[in-house]
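J.: Pasting in a structure now, in structure tokens, and then I'll have a few things to ask.
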């Protein structure tokens, strides 16, 4: 506020005098007590592109199409997608409202600190931050490992397929692929944010164009197509896992949709690099989810119209070794043209989308590591918070890459252990999404000061629905997926999430509570 004998300069006069008004996101960051350390160069399109390319329907749907086919099939895809989409949008709206009020790279854990009040702030931000950061590392591990597995299938099909003597890479070759992919993502994420912004926009375009090419191309090339009745009404109850209850099967089939529709918190982590972040951060979150819902449904429909024999697609004896979407693409072109080369090209389109997804995931990871270290929460925080002369947190980048590689090493010992750990990518991440929303509708209900984007009087209702949905999916994805239950068929998701909770709380009680005070003001 100007003193009585001063006048506030006009915008044009201020610039003429050499004073440039602060960007609204920069100004809000200063109000929150942080100095601008990262380069603020992203537009709303670039912010959206990072979240959109992490959600990446080509990645999520392709990777877990087998799960959807096995548990419910077409009905699970078509209608489960809309159920998961509706509730995901509710979670996204609540997150966007909080993001508008607190546009910092700290994202979720910072929100928890501010919304839980001074007494609970350190513990609330500690729990949220650790669940979030481990969930993000699990996402990167999952995405890049799924790309390594897809490369294995592409090589298998390119060399004749499983039934034609094709080369099937061992688990050691797959982990080597995974390491090379992560290394490339580390190098790319050392680039200035302006170049990453360009790659992010390219990734968004690739995802949208790729979806349209595949959803139109695959059914068009297919010599035999499923009927509309099959696509919209067929329910596959024959899963071979000892589960006969159709409602239970349908609920298990939701995993594909819910796994795909995650990662949109990236828009929050990029806010300190986004212009007018208090407005554009929320826009990035909501638009990324909304557009993903539409193009994702189109992709699911297009591919499912080419599905004619569910059991054969899931069989490990087919040419793709049981990778359903790869077998769909391969068969469609082989039946039409006598060879599956066109199907392999389609798989390459998906592989590039997954590569972009992993790239953006590492970007998001590194910003979370940077912010969490800035507040001293990680061991050796002073190292991870450093930025180079291009204002990129390079040590945080390589920490994220290294941990994601180590997490994937569990696949060498047991795929059951690996899948349990990666399950944190969905449950752990959504728990981190729900915590600040829970604090917003309880402890901060009367004190919450909304930003430019807000839900008005509906904020509390929407928030409660979001929290309840996360509670439901957390229980749902912890249920057994096969009967009888043995060491091999046990769903280890609750074990993995429970172990994470015990470790994080123990670390807090033994050490963290003595020195971690929550977000630290840097101005």
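Start at 1 and count along the chain as shown; that gives each residue its number.
Glycine is no exception: its Cβ is also placed from the backbone N, Cα and C atoms.
Annotations for this protein, taken from TrEMBL, read as follows:
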TRANSMEM  44-65  transmembrane segment
TRANSMEM  77-96  transmembrane segment
TRANSMEM  108-131  transmembrane segment
TRANSMEM  137-157  transmembrane segment
TRANSMEM  169-188  transmembrane segment
TRANSMEM  203-222  transmembrane segment
TRANSMEM  285-307  transmembrane segment
TRANSMEM  337-358  transmembrane segment
TRANSMEM  395-418  transmembrane segment
TRANSMEM  424-443  transmembrane segment
TRANSMEM  455-479  transmembrane segment
TRANSMEM  491-510  transmembrane segment
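Quick one: how deep are these features, and who are their neighbours?
T.: Packing against the transmembrane segment (137-157) from elsewhere in the chain are residues 54, 59, 62-63, 166-169, 173-175, 177-178, 181-182, 185, 262-263, 319-321, 323, 326, 330, 340, 343-344, 347-348, 350-351, 354-355, 357-358, 361-362, 365, 400-401, 403-405, 407-408, 411, 418, 421-425, 428-429: each is 6 or more residues past its ends and has a CB under 8 Å from a CB in it.
Residues 140, 144-145, 147-149, 151-152, 155-156, 196, 199, 355, 358-359, 362, 397-398, 401, 404-405, 408-409, 411-412 of the same chain lie 6 or more positions beyond the ends of the transmembrane segment (169-188) yet place their CB under 8 Å from a CB of it.
Long-range contacts of the transmembrane segment (203-222) within the same chain, counting only residues at least 6 positions beyond its ends with a Cβ under 8 Å from a Cβ of the stretch, are 48-49, 52-53, 56-58, 291, 295-296, 298-299, 301-303, 305-306, 328-329, 332-333, 335-336, 342, 346, 349-350, 352-353, 356-357, 359-360.
Same-chain neighbours of the transmembrane segment (337-358): 53-54, 56, 58-59, 62-63, 140, 143-144, 146-147, 150-151, 153-154, 157-158, 161, 181-182, 184-185, 199, 202-203, 206-207, 210, 213-214, 217-218, 221, 319, 325-326, 328-331, counting only residues six or more beyond its ends whose CB sits under 8 Å from a CB of the stretch.
Distant neighbours of the transmembrane segment (395-418): 136-138, 140-141, 144-145, 171-172, 174-175, 178-179, 182-183, 185-186, 189-190, 362, 365-367, 369-370, 373, 383-386, 487-488, 490, 492; these residues of the same chain sit at least 6 beyond its ends, with a Cβ under 8 Å from one of its Cβ atoms.
Here the transmembrane segment (455-479) has long-range neighbours at 87, 90-91, 93-94, 97, 248, 251-252, 254-255, 258, 423, 426-427, 430-431, 433-434, 437-438, 440-441, 445, 448, 491, 493-494, 497, meaning same-chain residues at least 6 beyond its ends whose C-beta is under 8 angstroms from one of its own.
Listed by sequence, the residues of this chain that lie at least six past the ends of the transmembrane segment (491-510) yet keep a Cβ under 8 A from its Cβ atoms are 123, 126-127, 130-131, 134, 416-417, 419-421, 423-424, 427-428, 431, 474, 477-481, 516.
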J.: Any chance the transmembrane segment (44-65) and the transmembrane segment (424-443) have 3 or more Cβ pairs under 8 A, given the pairs are 6 or more apart in sequence?
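T.: Not in contact, no.
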J.: Residue list, the transmembrane segment (108-131) vs rest of chain: Cβ under 8 Å, 6 or more residues beyond ends.
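T.: Same-chain contacts beyond the flanks: 95, 98-99, 102, 265, 268, 371-372, 375, 377, 428-429, 431-433, 435-436, 439-440, 443-444, 448, 500, 504-505, 507-508, 512-513, 516-519.
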J.: Is the transmembrane segment (77-96) packed against any residues at least 6 beyond its ends, judged by a Cβ distance under 8 Å, and which are they?
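T.: Distal contacts: 68, 108, 231-232, 250, 253-254, 256-258, 261-262, 264-265, 268, 281-283, 285-286, 289-290, 293, 296-297, 300-301, 304, 430, 433-434, 436-437, 440, 453, 455, 459, 462-463, 465-466, 469-470.
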